[in-house]
Amino acid sequence: MYNNSMKLLFLSSLMMGTYLSISSTPWLGTWMGLEINLLSIIPMLTDNKNSMINEPAIKYFIIQSMASTMLLISILIIQMKYMMWWDNKNIPSMMIMSSMMMKMGAAPFHFWLPEVMSSTSWINCLMLMTWQKIAPMMTMSYCIKMSSFLFVVIMMGIIVGAMGGLNQTSLRQILAYSSISHLGWMISSMTISENTWEFYFLIYSTLNVIIIFMFKTMNLFFLNQIYSASYFKTEIKFMMMTSLLSLGGLPPMLGFLPKWIVMQSLIDNKMTALVLLMITFTTITLYYYMRISFSAIIMLHNENSWLTSIKMNKLVVALPILSMISTMGLICTSNFMLLLSS
């Protein structure tokens, strides 16, 4: 573990790499930003005291290196295309999108994400699910266009996210599969407009911050810990439930609003079949969130020793505020309907 000054250095370098990647005009500058970002997060995933914790950092480095190599090959093909007057524009764009999906952990390049997240801390999980997706998604948005390839990618993301989380007991892996499902929605929103996916990503990141703050503060890592947490008052469990259901997209909570905008936009663009399939499999994702939430409230057990280290003072102050943010969809949805009708 590094001291605060080293953490600040790596975090600053991480942010600089992301900003360089999304603001660069040439492809080489984008690649350089992604590499700075990678080299900055690797030390944050490692721990000098425990060599077993370094395993996710090694896995992450290997996958990101493969994706960077694919991006470099794509850039080379683009340069050769201009030199050789090559007319096939789909191959380099598909390679760039594939490399960015590998970096984000989107299906069908998702296999590393649940494994890495299950072995790292909650803060690192939050970074992998939010900040580390910004540069690849911005890069992917430069060359995205709805096609059969993209249709398959969107559906695979939503199906894998729905089915993969059903039999999981680790909260970190459940959030990883939820992230894969949300990536399917965000990729579909990229085909509509830049503002749509950015709004979706903002809401998604906000809800992830809320949920991970709860899990980190309450020292929760597995489902059985939630079920046996009779130490928590029913009000605290209810606030946790509202945040989880909001992330799942239950109407009329905040997490449903970006999904509604994406669905409405896709229907306007004559993609009704895609919307129906997305809704069907997202319902499965919502099911295991509801299963967690209602089981946590209904099931009561004796107090466990691991609960004594929880700092309840933080929860008493923060959870009502965070729960209120999760239910802001009630206000936002009504305002959105007024905008649609005007």
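Think of each number as a place in line: the chain as shown, counted from 1.
Just so it is clear, glycine is given a Cβ too, placed from its N, Cα and C backbone atoms.
Since this is a predicted model, take the numbers as computed values, not measurements.
Positions annotated as transmembrane segment by Swiss-Prot, on the basis of sequence analysis: 25-45 (among others). Within the chain carrying the transmembrane segment (25-45), a Cβ under 8 angstroms from the stretch's Cβ atoms is held by residues 2, 6-7, 10-11, 13-14, 16-19, 54, 56-57, 60-61, 64-65, 68, 71-72, 75, 78, 103, 116, 120, 124, 127, 132, 135-136, 139, all 6 or more beyond its ends.
With a cut-off of 8 Å between Cβ atoms, the residues of this chain six or more beyond the transmembrane segment (58-78) that come close are 27-28, 30-31, 34-35, 38, 41-42, 45, 91-92, 95-96, 98-100, 102-103, 109, 112, 115-116. Annotation comment: Swiss-Prot describes 58-78 (among others) as transmembrane segment.
Nonlocal intrachain contacts for the transmembrane segment (94-114), taken as residues 6+ away from its ends with a CB within less than 8 angstroms of a stretch CB, comprise 34, 59-60, 63-64, 66-68, 70-71, 73-74, 77, 128, 132-133, 136-137, 139-140, 143-144, 149-150, 153, 156-157, 159-161, 164, 168, 173, 176-177, 179-180, 183-184, 187. The feature transmembrane segment is assigned by Swiss-Prot to 94-114 (among others), with sequence analysis given as support.
Using a Cβ-Cβ cut-off under 8 Å and counting only residues 6 or more beyond its ends in the same chain, the transmembrane segment (146-166) has close neighbours at 90, 94, 97, 101, 106-108, 110, 114, 173-174, 177-185, 187-188, 191, 271, 274, 277-278, 281-282, 284-285, 288. The transmembrane segment feature in Swiss-Prot is assigned to 146-166 (among others).
The list of residues near the transmembrane segment (174-194) in space but at least 6 beyond its ends in sequence, with Cβ under 8 angstroms from a Cβ of it, reads 101, 104-107, 110, 113-114, 117-118, 125, 129, 133, 137, 140-141, 144-146, 150, 153-158, 160-162, 164-165, 168, 200-201, 204, 208, 211-212, 223, 247-248, 258-259, 261-262, 265-266, 269, 274, 278, 281-282, 285, 288, 292. Feature annotation from Swiss-Prot assigns transmembrane segment to 174-194 (among others); the stated evidence is sequence analysis.
Away from its own ends, the transmembrane segment (195-215) comes close to residues 122-123, 125-126, 129-130, 133-134, 137, 141, 171, 175, 182, 185-187, 189, 221, 239-240, 243-244, 246-247, 254-255, 257-259, 261-262, 265, 315, 318-319, 322, 325-326 of its chain (Cβ-Cβ under 8 Å, at least six residues beyond either end). Residues annotated as transmembrane segment in Swiss-Prot: 195-215 (among others).
Sequence annotations record features per position, and here Swiss-Prot assigns transmembrane segment to 238-258 (among others) based on sequence analysis.
Feature annotation from Swiss-Prot assigns transmembrane segment to 274-294 (among others); the stated evidence is sequence analysis.
If you look up Swiss-Prot, you'll see 316-336 (among others) marked as transmembrane segment.
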